[in-house]
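Novice: Please see the structure below; I have some questions.
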Number of protein chains: 2
Amino acid sequence: MLKGKVLIAQGGGPTAVINQSLVGAILESRKFPGIEHVYGALHGVSGIINEDFLDLTKESTANLEAVAATPCSALGSTRDKPDVKYCQEISKVLKAHDIGTFFYIGGNDSSDAARIVAEHAEKSGHDLTCIHIPKTIDNDLMVNDHTPGFPSAAKFVASAFAGINQDNAALKGVYVGVVMGRHAGFLTAAAAGARLYDGDGPHLIYLPESTFNMANFVKDVKSVYDKYGRCIIAVSEGIHDAKGTPIITSLMKNIEKDAHGNIQLSGTGALADLLCDQIKAKSGITRVRGDTFGYLQRSFLGCVSDVDAIEAREVGEKAVQFAHFSGKKHGTVTIHRTGNYAVEYKLSPISDVAAKTKVMSKNMINKDGNNVTDAFMKYVTPLLGSGGLPTVSRLDRSNAVPKILAKKKK
Amino acid sequence: MLKGKVLIAQGGGPTAVINQSLVGAILESRKFPGIEHVYGALHGVSGIINEDFLDLTKESTANLEAVAATPCSALGSTRDKPDVKYCQEISKVLKAHDIGTFFYIGGNDSSDAARIVAEHAEKSGHDLTCIHIPKTIDNDLMVNDHTPGFPSAAKFVASAFAGINQDNAALKGVYVGVVMGRHAGFLTAAAAGARLYDGDGPHLIYLPESTFNMANFVKDVKSVYDKYGRCIIAVSEGIHDAKGTPIITSLMKNIEKDAHGNIQLSGTGALADLLCDQIKAKSGITRVRGDTFGYLQRSFLGCVSDVDAIEAREVGEKAVQFAHFSGKKHGTVTIHRTGNYAVEYKLSPISDVAAKTKVMSKNMINKDGNNVTDAFMKYVTPLLGSGGLPTVSRLDRSNAVPKILAKKKK
């Protein structure tokens, strides 16, 4: 049962709708009469040990709603991974401020942080309720059908490729777009949402779920190019060779890792440039362009799936309800698809999700490992939102004017 | 006076609203009773010499309106630059098809192509009316206050940096965003439209109008980082040293040029990576990320300034009206600002625009060459559209909770 003070924090990479979850948890908490204050910790768990708290009880509802519509973590984020000493500091601060409930909004690494904090509380006899609220554009949390943040990022990626498809049809050539995704290819696969007409790109999609082979890649590109005079390729930043070594690491001298041991894949255009160089060198195609979508994917202003915004709000609200009504001390809110399309929410054990990675199931990827299947399209389409993507239309090519000079030449 | 057949084509890089101009010219042409057919050439001037024409008279208004709302050249584009022989081929085809009026939608290079075609027609006694319709995201056409395509691309860049600003505030570090712009910095400068609160990024803006000095750049970045604990930088792809050599060329082995002699700047992440490496090596800052916005800037689905869409439509319509009413055989439609904010359109000599480049005026750039002035903000703000950018809101940082443990430590 909720009473006294609750604390909310946000961890890991921001998303377009993570503030919906924050605001959902704040407003829902304030509906329970036992709640005196709702605190927010700045920059995730690091804000707890530094006692950097905002009293969110003092926010107006109008401003909270405006914050909910703003992309990226309003409380700030962190990549810190708590160890035992870190947890002792957290306990100390939470006890000092008389905080009985902690909501942590984040992905795999943040859910693992929540697990560590919850387990330490259990062991040390600290009476703390700890609920993890899911978010990640990578869509790679176990148990969940999908995760808040993914649908909006998927809409961004599909919208980007829909535009790129028009651009590349106007000025033909090869285009490589590198999309975020370390182990799971969901976001890259969402590029397929851009296809509307026959021959539309992306024509090839490479995912971390499959082994990447450079020779096959160049062969695939050449084959599409020979057919359409152009080729659009979506590639996950996390593509790797048969040994599991990311293709990008073959390029980088100083490999940067975060506290969770993750190699830096984003924030560099190196992989797109490598792939373009290989295509130019080995296929003889001259106009080859590469873009790395980078941080725009998780933060771009004004690209939100309404389905995502609603669900992100709801996981925040449900976290508070589970904390009050479920009778359980800890857990993670999980999203389950029911029907086509609706969802329901459950409180699952944090350890079922923490530090684990869900990848695309085999039936979502084609045999050659260079495209997605109809099963994936069925999965992803309702997530892009009620309006789908903006319209893409083209001129009727059947209205060709008969050639006069070419006729005379015969 | 318009009669018989008119031909429309699109050249150069696509934009988000170039099809508004196309559809404006098609629909307006069809209002004049002397017009029998409106043809469209596929892939610019190259479609003329190949006789690749669509009869746009056969398009429904509903489909044309849907095409108008679709980004990128619906007729396809080209980088071809006509020489005398090319012009002779064009004349031959236009005469064979009895086409008396040619509308060419494009930027600097396309306006030069229109000039060459028009001058060749004059010299050879070919009775042809040739009107250039402006577009370019670079905003670098002389005479024009601004050019269709720029406002929507500016909205994209400002929206991207507004999101990046949130992202970078949540997970602090240095962020370099490379924006399109070979000689003119308008589009990069538009990143400043992202600023709302004190301390918001982009904190530094580097433009091709100023000489780029790597040592000063690193010093600037360090200075901002020391103040805010973070730093967001917008950089034009065309930044160059004191000799005018693009910074990016110091990196590339095989330099690719198009028919107009332009070096390839886009479609590679090399410049962002170079700048990030320099910052890491020389400032000691560890979290440094770079993105290259690439082709998304000119093609992204669903990011259009309504002011831009209207003006792009109008330059297409005005081109037809000028062809019919002005009594002049050739010209380029130019946009002139009047009041705050309205525009009027004129027919100017093509040679005033063709192959020339307008750059930012000195009063738009600060003395240090690392930021824009209020004069630029006044210039760009109305172009971003009636709704401005989507809302960005933040939590009230004055609601900090007093520290308890830190107090005890004292």
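In case you wondered, yes, glycine gets a Cβ from its N, Cα and C as well.
TrEMBL lists B:5-322 with the feature domain 'Phosphofructokinase'. Sequence annotations record features per position, and here TrEMBL assigns diphosphate binding site to B:Gly13. According to TrEMBL, the Mg(2+) binding site annotation covers B:Asn108. Residues annotated as site 'Important for catalytic activity and substrate specificity' in TrEMBL: B:Asp109. Taken from TrEMBL, the feature site 'Important for catalytic activity' covers B:Lys135. Positions annotated as substrate binding site by TrEMBL: B:Thr136, B:Ile137, B:Asp138, B:Met180, B:Gly181, B:Arg182, B:Glu237, B:Tyr295, B:Leu296, B:Gln297, B:Arg298. Under the heading active site, proton acceptor, TrEMBL lists B:Asp138.
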Novice: What is the Cβ neighbour count of B:Thr136 (substrate binding site) at a 10 Å cut-off, with all protein chains included?
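Specialist: So the Cβ neighbour count for B:Thr136 (substrate binding site) comes to 28.
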Novice: Restricting to the domain 'Phosphofructokinase' (B:5-322), report the mean pLDDT as a whole number.
Specialist: 93
Novice: Would you list the recorded positions among B:Asn108, B:Lys135, B:Thr136, B:Asp138, B:Gly181, B:Leu296 that come within less than 8 Å, Cβ to Cβ, of chain A, in the order they occur in the sequence, writing 'none' if nothing qualifies?
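Specialist: From B:Asn108, B:Lys135, B:Thr136, B:Asp138, B:Gly181, B:Leu296, the ones near chain A are B:Leu296.
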Novice: If you skip the near sequence neighbours and keep only those at least six away, which residues in the chain come within under 8 angstroms of B:Asn108 (Mg(2+) binding site), Cβ to Cβ?
Specialist: B:Gly12, B:Thr136, B:Asp138, B:Asp140, B:Leu141, B:Val353, B:Ala354, B:Ala355, B:Lys356, B:Thr357
Novice: Note down the number of other Cβ atoms within 10 Å of the Cβ of B:Asp109 (site 'Important for catalytic activity and substrate specificity'), including every protein chain shown.
Specialist: 23
Novice: Measuring Cα to Cα, tell me the gap between B:Arg298 (substrate binding site) and B:Gly13 (diphosphate binding site) in whole angstrom.
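Specialist: Each residue's Cα considered, B:Arg298 (substrate binding site) and B:Gly13 (diphosphate binding site) end up 8 Å apart.
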Novice: So if I draw a 10 Å sphere around the Cβ of B:Gly181 (substrate binding site), how many other Cβ atoms end up inside it?
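Specialist: Its Cβ shell of radius 10 Å holds 31 other Cβ atoms.
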Novice: Report, in whole Å, the straight Cα-to-Cα distance of B:Gly13 (diphosphate binding site) from B:Asp109 (site 'Important for catalytic activity and substrate specificity').
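Specialist: Taking the Cα atoms only, B:Asp109 (site 'Important for catalytic activity and substrate specificity') lies 10 Å from B:Gly13 (diphosphate binding site).
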Novice: For the binding-site residues B:Asp138, B:Glu237, which Cβ has the most other Cβ atoms within 10 Å, all shown protein chains included?
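Specialist: In terms of Cβ crowding, the pick is B:Asp138.
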Novice: Can you tell me how many other Cβ atoms are located within 10 Å of the Cβ belonging to B:Lys135 (site 'Important for catalytic activity')?
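Specialist: If we count other Cβ atoms within 10 Å of B:Lys135 (site 'Important for catalytic activity'), we arrive at 32.
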Novice: Long-range same-chain neighbours of B:Leu296 (substrate binding site), Cβ under 8 Å, sequence gap at least 6?
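Specialist: Those within reach of B:Leu296 (substrate binding site), by Cβ under 8 Å and sequence separation of 6 or more, are B:Phe156.
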Novice: To the nearest Å, how far is the Cα of B:Glu237 (substrate binding site) from the Cα of B:Gly13 (diphosphate binding site)?
Specialist: 16
Novice: Using only the residues recorded as binding substrate (B:Thr136, B:Ile137, B:Asp138, B:Met180, B:Gly181, B:Arg182, B:Glu237, B:Tyr295, B:Leu296, B:Gln297, B:Arg298), report the maximum Cα-Cα distance in Å, whole number please.
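Specialist: Greatest Cα separation within the listed binding residues comes to 17 Å.
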Novice: What's the number of neighbouring CB atoms sitting within 10 A of the CB on B:Gly13 (diphosphate binding site)?
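Specialist: Neighbour count, Cβ to Cβ under the 10 Å cut-off: 28.
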